[in-house]
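These notes are about the structure you will find just below.
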Amino acid sequence: MKLFARLKDGLSKTRNQISEIVEHDTKITEEFYESLEDALIAADVGADITMEILDKLRSEVELEGITGCAEAYETLKHLLSLDMAIQKEPDEFPPKPWTTLVIGVNGVGKTTTIGKLAHEYRQRGSRVLLSAADTFRAGAIEQLQLWAERAECEIITQGEGADAASVVYDSMEAAKKRGADVMLIDTAGRLHNKGELMKELGKIVRVLKKSNPWTPNEVFLVVDATTGQNAIKQAEVFNELIEITGFIITKLDGTSKGGIALSLTRTFNIPVKKIGVGEGLHDLQDFDPKSYIDAMFGDFSV
Ligand SMILES: Nc1nc2c(ncn2[C@@H]2O[C@H](COP(=O)(O)OP(=O)(O)OP(=O)(O)O)[C@@H](O)[C@H]2O)c(=O)[nH]1
Ligand SMILES: [Mg+2]
């Protein structure tokens, strides 16, 4: 929870306003609903979804005969976390390596997240191989190499400017030969409206499937929490090209806006798998809807 401190701080104004009302457990008024609306919008939940959720809350309040703000607030939080609790487990026993493709626009934290994921798998004793398929940006390969050293795992590279799909092919061959349990593929950051680079992703997937039809087992779209509602557009375009299996939301340590998690899961019915809360090897957490909502909107029940 400590890592959520910034997220909490950022929302403190609206939280204070709400906690005041909730602590006094006053009767539910229009003003109370307005405060909730402010808080949700401030947290970047998005206007449409905010309205939907508040409508749902109003019905629930009526249905359950809830009269006090405190109970209504807990009900809201429950509704929010239910919305984010999407269970989509991938196939159970696919052949090795378990292959994860990491995609997203420039600078969102793809490479850093791969380093953190590699570390997590290593801690569990898996043999991990990184595939340096960002051959586009200068320095990208060296950056991933550094993460491979930190996480103590293997890496397959070609030179800058090499064909990304060919790096992925090499990596898959190496992973199979060496018996790697997990393969994590770093890709170049691409604007979702840049045709050529988007095509390259399609090619990477074709190469993977040829070599192992089960793959990619996971496709993670990395989203920067500070981006705001533009993340929805990004997800839309990437998801049209490759089926995203999970979101990873980064930079939650530097923003007061965590609501994008809610917007994304509701819009696409795809789960958030992990959250990034810092730049270090250990700054990746599993996404737990309830503690996430508590961190964002406060846990006044204790
Ligand atoms: N505060 C914070 N910074 C992060 C987090 N994740 C990544 N960063 C920082 O964001 C910057 C970009 O991270 P990269 O991992 O290089 O992002 P990328 O998506 O691989 O970037 P490109 O390959 O250039 O598209 C770096 O300075 C990271 O340290 C996070 O969870 N919190
Ligand atoms: Mg990168």
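A Cβ is built for glycine as well, from the same backbone N, Cα and C atoms used for every other residue.
Note that the structure is a prediction, hence the values are computed from the model and not measured.
The domain 'Signal recognition particle SRP54 helical bundle' feature in TrEMBL is assigned to 7-84. Look at TrEMBL and you will find 96-276 tagged as domain 'AAA+ ATPase'. Taken from TrEMBL, the feature domain 'SRP54-type proteins GTP-binding' applies to 97-298. Per TrEMBL, GTP binding site is recorded for 104-111, 186-190, 250-253.
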Determine the Cβ neighbour count for Arg190 (GTP binding site): the number of other Cβ atoms within 10 Å of its Cβ.
22
Please classify the secondary structure at Lys110 (GTP binding site) using three-state DSSP.
helix
Cβ contacts of Gly104 (GTP binding site) (under 8 Å, same chain, 6 or more positions away):
Lys110, Gly189, Leu221, Val222, Val223, Gln234, Phe238
Can you tell me whether DSSP puts Leu252 (GTP binding site) in helix, strand or coil?
helix
Taking the Cβ of Gly107 (GTP binding site) as reference, which residues of that chain separated by at least 6 in sequence fall under 8 Å from it?
Gly189, Asp224
Taking a cut-off of under 6 Å between Cβ and any atom of ligand 2, tell me which of the binding-site residues Gly104, Gly107, Lys110, Thr187 pass.
Lys110
Given the binding-site residues Gly107, Lys110, Thr187, return the subset with CB under 6 A from an atom of ligand 1, ordered by sequence, or none if empty.
Gly107, Lys110
Please report the number of other Cβ atoms within 10 Å of the Cβ of Leu252 (GTP binding site).
27
In the domain 'Signal recognition particle SRP54 helical bundle' (7-84), how many residues does DSSP assign to helix, to strand and to coil?
64 helix, 2 strand, 12 coil
